[in-house]
Amino acid sequence: MSDETFVITGAMLADGSRTDLLLAGGRIQETGVRLSAAGATVVDADGLLALPGLVDLHTHLREPGYEQSETVLTGTRAAAAGGFTEVFAMANTSPVADTAGVVEQVLSLGEAAGYATVRPIGAVTVGLEGERLAELGAMADSRARVRVFSDDGKCVSDPLLMRRALEYVKAFDGVIAQHAQEPRITAGAQMNEGALSGELGLAGWPAVAEESIIARDVLLAEHVGSRLHVCHVSTAGSVDVIRWAKARGIDVTAEVTPHHLLLTEELVSGYDARYKVNPPLRRSEDVEALRAGLADGTIDIVATDHAPHPVEAKDCEWDAAAFGMVGLESALSVVQSSVVDTGMLGWADIARVLSATPARIGRLAGHGTPVEAGAPAELFLYDPAAAREFSTGELAGKGVNSPYLSMTLSGRVVATFHRGYATVLDGAVLESVGGARG
């Protein structure tokens, strides 16, 4: 329970209305005009949006095992900087998060850090090897209460194993989050397959490698009657398959990353490994289809796929470089530039695709709720009129492998509140936060 009190004055909500907010005891105690409270810290929100804390269903925090890239502490600091109050941590750690013990360790690390709620994602298969199911039930029954399972970074390519996983998690309303990539079609692939990959002499990554797995898995989900979530959709064909599945009544949800909403394969022409990512940057036609799919509800959410790497893993030849980009700090600005400034989505839509719906998919209570009296004090203040050149100084985690460095981005997170505590004030991540436990 928070013992900090804040009065936020003149904030604009997602529906366009203006209000003051009184935060105390870890909740939004009151909304209205000219609010005050003894001893409260007053935060002037004139011209700022007050939005529900963002929820990222797809984050790589790297701990345990890869602390040179990121830790739960540094990753959640990056999350707070981007307006996130809750993140789901992918399982590709060392040891892999395929047991109750490892997911409980990740949960405890998040509680100790205090910058955001951390919900571990459990591996689907032991060691992410795709050979036998991990301890799905034990992770679901653990203190971490895991409900999302993924081998992200690898595809559950065996259809029988995927069927069994869908059947297993159905018993406790879990969901399989599939990294849709047929490995036999993408062996050695380095960028999107097309004319440009031929010109650059880089092995191509065909769209059908993603689309074929999604087509298979939506049919499996329909057969089993279980929930399926598709990670980082990147092609127009994938949007078509998901749209067809939803029209058929299949229980499938899907995410798109900020970078796939903005960046295209042409950026690879300079062989700058900051633009090397899995799935790869695609054609402008794919970007347009992804934006349209998000706008019409075919794609349910935006998720960052925040993937930090040490400098040496990116500052090298393209073929040797690691796949992945950092994205927590820049996510909302990129989404604003892609679909808000272009008139495709409004701020109420942003609250839905970056907060309410990811919380619902992850079965997370107390997050993604509207900014209103009685709700948990999980929110952030955002200046949509700001514009700035994105720089490494804005990166609060360990990773500096951002594709947006030196780009002009819209908007800026001014303050973030988690469990009623401030984690960001005046645009800066606080060095210590009151919400830490353990």
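Glycine too: its Cβ is placed from the backbone N, Cα and C atoms.
Mapped onto three states, the DSSP output places D305 (active site) in coil. Cβ neighbour count for D305 (active site): 29 (other Cβ atoms within 10 Å of its Cβ, all protein chains included). Residues or ranges marked as active site by Swiss-Prot on the basis of sequence analysis: D305.
Swiss-Prot lists H58, H60, D152, D305 with the feature Zn(2+) 1 binding site.
Here Swiss-Prot flags H60, L61, R62, N92, N278, H309, F323, G324 as substrate binding site. Just so you know, the Cβ of G324 (substrate binding site) picks up 23 other Cβ atoms within 10 Å once every protein chain is counted. In the three-state DSSP assignment, the secondary structure recorded for G324 (substrate binding site) is coil.
Annotation source Swiss-Prot lists Zn(2+) 2 binding site at D152, H179, H232. Other Cβ atoms within 10 Å of the Cβ of H179 (Zn(2+) 2 binding site), summed over all protein chains shown, number 25.
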**Prompt:** Taking Cα-Cα distance, which of the recorded positions H58, L61, R62, D152, D305, F323 are within 10 Å of H179 (Zn(2+) 2 binding site)?
**Reply:** D152
**Message:** So if I draw a 10 Å sphere around the Cβ of L61 (substrate binding site), how many other Cβ atoms end up inside it?
**Reply:** 31
**Prompt:** Of the binding-site residues listed here (H58, H60, D152, H232), which is spatially closest to H309 (substrate binding site) when Cα positions are compared?
**Reply:** H60
**Complete:** From H58, H60, R62, N92, H232, G324 (binding-site residues), the ones whose CA sits within 10 A of D305 (active site) are H58, H60, H232, G324
**Request:** Filter the binding-site residues H58, H60, H232 down to those whose C-alpha lies within 10 angstroms of the C-alpha of N278 (substrate binding site); answer none if the list is empty.
**Result:** H232
**Request:** Only counting partners 6 or more residues apart, tell me which same-chain residues put their Cβ under 8 Å from the Cβ of R62 (substrate binding site).
**Result:** S69, E70, T71, G75, T93, P308
